[in-house]
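Colleague: Sharing the record's features from TrEMBL:
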{"type": "DOMAIN", "residues": "5-336", "note": "domain 'Amino acid transporter transmembrane'"}
{"type": "TRANSMEM", "residues": "12-31", "note": "transmembrane segment"}
{"type": "TRANSMEM", "residues": "63-80", "note": "transmembrane segment"}
{"type": "TRANSMEM", "residues": "92-113", "note": "transmembrane segment"}
{"type": "TRANSMEM", "residues": "133-152", "note": "transmembrane segment"}
{"type": "TRANSMEM", "residues": "173-191", "note": "transmembrane segment"}
{"type": "TRANSMEM", "residues": "221-240", "note": "transmembrane segment"}
{"type": "TRANSMEM", "residues": "260-278", "note": "transmembrane segment"}
{"type": "TRANSMEM", "residues": "284-306", "note": "transmembrane segment"}
{"type": "TRANSMEM", "residues": "318-337", "note": "transmembrane segment"}
Amino acid sequence: MGDSFGQWGRIALQASVVINNIGVMIVYMIIISDVLSGTSTTGVHHRGIFEGWFGPHLWNSRPVVLLATTIFVFAPLVSFKRLDSLRYTSALSVALAVVFVVITAGIAILRLIEGTAEIPKLFPEIHEINSIWELFTAVPVLVTAYICHYNVHSIDNELEDRSQTKPIVRTSLALCSSVYVATSFFAYLLFGEGTLSDVLANFDSDLHIPFSSVFNDIVRVSYVVHVMLVFPIVFFALRLNLDGLLFPTSRHISHDNRRFTIITVSLLVVIYLAANFIPSIWDAFQFTGATAAVLIGFIFPAMIILRDSYGIATKRDKVLAVTMIVLAVLSNSVALYSDAMSIFYRKVEA
């Protein structure tokens, strides 16, 4: 963006990464609090792991659990100045995600064989025009799931052999896509219409299998640790882009300990406070996914093609770029409108 559109292009990209990553990490914190402390966002209380083990107490409430997680887990992990330092925690996070998928798939298949699983609806019910608009609210979530562009250059810079970049990116996308599809398919098969926006909150009930509570805890613990280990990867790009936005002419942040510490602590505080006040991951996903994530994943790449600074884009490339921009703007405008109206009606009904 900086090469194609100059200073304002760079600023727009960095600002979008900052907004997107803050939103994603707020979602991560909300997931952690839902799993460990419980959630009541749907009107029905779903017990967290600590509440299930020890009962409700002040020490396992949402603010306290998130504060302890921030201090004892996130703070040490985000203190590294190179992505390479997080290679082992990243590998462990992938393994834990696979554990989650395997167990969820196993339970769903077992219940299908036993005939205790309810076959969920395959298609949405459309009663009125508003039902059609609500379908678009899933778009920002899907977009956010596949936005990983902000770390590609950082990884590329730290690779000894840069020819490995493409295979690494393709393998990562294939692995993530497989996990996403498997998670959504088997979770919906398992819980049907009762599937929550944070599906981990569903694992507080009887799964109608032997050792149900044990499997519930294994699934939730494995995935919450996975989220904790992914957090510093996203945070790395957030800190780097925020520093570039605020101090574009200064030396690299990794060489300035004072600036590194101030930005790191400030971001952790902002994310922690936001996670305590935003009730649902759906709301955070909707607004960041329909704005910053769409810019990063669709609009900015299309704009670079249309700008064509080096004269290498074909007519077909430019037609696809225009199409991508139009579809992104229309679908996510509808998603933003639908989500804003649903929040408004929730407040009116309350």
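Any Cβ shown, glycine's included, is placed from N, Cα and C.
A TrEMBL annotation is a machine prediction, not a hand-curated record.
Remember, predicted model here, so these are calculated numbers, not experimental data.
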Colleague: Per the 3+ Cβ pairs under 8 Å rule, pairs at least 6 apart in sequence, do the transmembrane segment (221-240) and the transmembrane segment (173-191) touch?
Modeller: no
Colleague: Could you check whether the transmembrane segment (284-306) packs against the transmembrane segment (92-113) - three or more CB pairs closer than 8 Å, residues at least 6 apart in sequence?
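Modeller: Taking Cβ pairs at least 6 residues apart, the transmembrane segment (92-113) and the transmembrane segment (284-306) are not in contact, as fewer than 3 fall under 8 Å.
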